[in-house]
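**Student:** What TrEMBL shows for this protein is this:
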type	residues	note
DOMAIN	23-121	domain 'SCP2'
Amino acid sequence: MSDIKVEGFKASEILAALAEVFSNYSDQEKKSQIKKTNGIFEMRVKNAEGKEAVWTIDLKSTGSVYKGAPKSKPNVTIIMSDETFTQLAEGKLDGQKAFMSGKLKTKGNMMFATKLDGILKAAKTKAKL
């Protein structure tokens, strides 16, 4: 799963942990998560140096996390800083507050973006992020 990690991005550690949680799900858990979410998130994260990295959380077909742009059209693209993503994953920042304050931007289905919070929380309890 280290192919998910990108040097200089704290988000990559969190997404690698999320990928590990997904890979350890039983088929039943994976199907349940896919049924509940039914969509694809494209995560565009900028670090302090201004470099951008892209990851995909596919909870429509594969139930996986991978580095790079989605293989099919995402339901939503979420654009934020590495710091904002880290705070969201740690539960220190609410997604809606981040959006309202301009720390998080979306393209596509904005309401679908709210599902990310639940995915991060579920993974956090499993992985102890």
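In case you wondered, yes, glycine gets a Cβ from its N, Cα and C as well.
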**Student:** DSSP helix, strand and coil counts for the domain 'SCP2' (23-121)?
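**Tutor:** Computed counts for the domain 'SCP2' (23-121) are 38 helix, 31 strand, 30 coil.
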**Student:** Looking at the domain 'SCP2' (23-121) alone, can you tell me the average pLDDT?
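**Tutor:** On average, pLDDT over the domain 'SCP2' (23-121) sits at 95.
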